[in-house]
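Notes follow once the structure below has been shown.
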Amino acid sequence: MIKVVKVAHVQLCSCCGCLVSLADTYEKLLDVLNSIELVYCQTLADAREIPECDIALVEGSVCLDDHHSLEVAQEVRKKAKIVVALGACAATGGVTRYCKGNQLSKPVHSSFSPLTEVIKVDLAIPGCPPSPEAIVGVITAALNGDMEYLQPYAELAEKGSEACGCDVIYKVVNKSLCMGCGTCAAACPTRAIEMLDGRPNVLKELCIKCGACSVQCPRIRFPELIEKIE
């Protein structure tokens, strides 16, 4: 009998855009849902406790001033065999890194950290929101045990908030490895990367440190494969 993979979707401090991105896969979503058992997703059904699961997709950053948020993050790590940071907020901090507090009569500065800095995360899918193809690709690779495909996402999970457009500059452009394909610019959700003379230029004031560009860059994602082709 084939074991059904149990998957949980956990939402922390986020806008739910990552889950919407997953829904945008349309017919592919049906293939994914037919391959798994969705055991937890408060956006779709009310549930009090996170059950034990094989894969936990965690969306959103962790509010360090909210004990509940911290407890949920720790509970996910205990209950899930594989924890996936879904989207920029969970993977690198994203736009929540720029939070300056609310608009109450006594403004309080709320501190947010990516999930990768609070608990041990196995995989991180960047992007704000992550592309539907990336989400389905990671879930499918995890179901099939394709570690080669998952390697860039595992590395991003270890880097945490360090991921940003500077990765492309330091790791690729400055080492004369850039092919000028423009994949990094196409992957950027805020248009913080522009191509000048066939090379990417990062506009730091627009970069939200989502990590999408570095994971999509073929030089970073498939370095050995590119070397073989050349």
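Backbone N, Cα and C atoms are what each Cβ position is placed from, and that goes for glycine too.
Checking the candidates CYS128, CYS207, CYS210, CYS217 against Swiss-Prot: the one annotated together with CYS178, CYS181, CYS184 at the [4Fe-4S] cluster 1 site is CYS217. CYS184 ([4Fe-4S] cluster 1 binding site) counts 28 other C-beta atoms within 10 Å of its own C-beta, drawing on all protein chains shown. Annotation note: CYS184 ([4Fe-4S] cluster 1 binding site) sits in a helical segment as assigned by DSSP. By a simple count of nearby Cβ atoms, those within 10 Å, the most crowded of the binding-site residues CYS178, CYS181, CYS207, CYS217 is CYS217.
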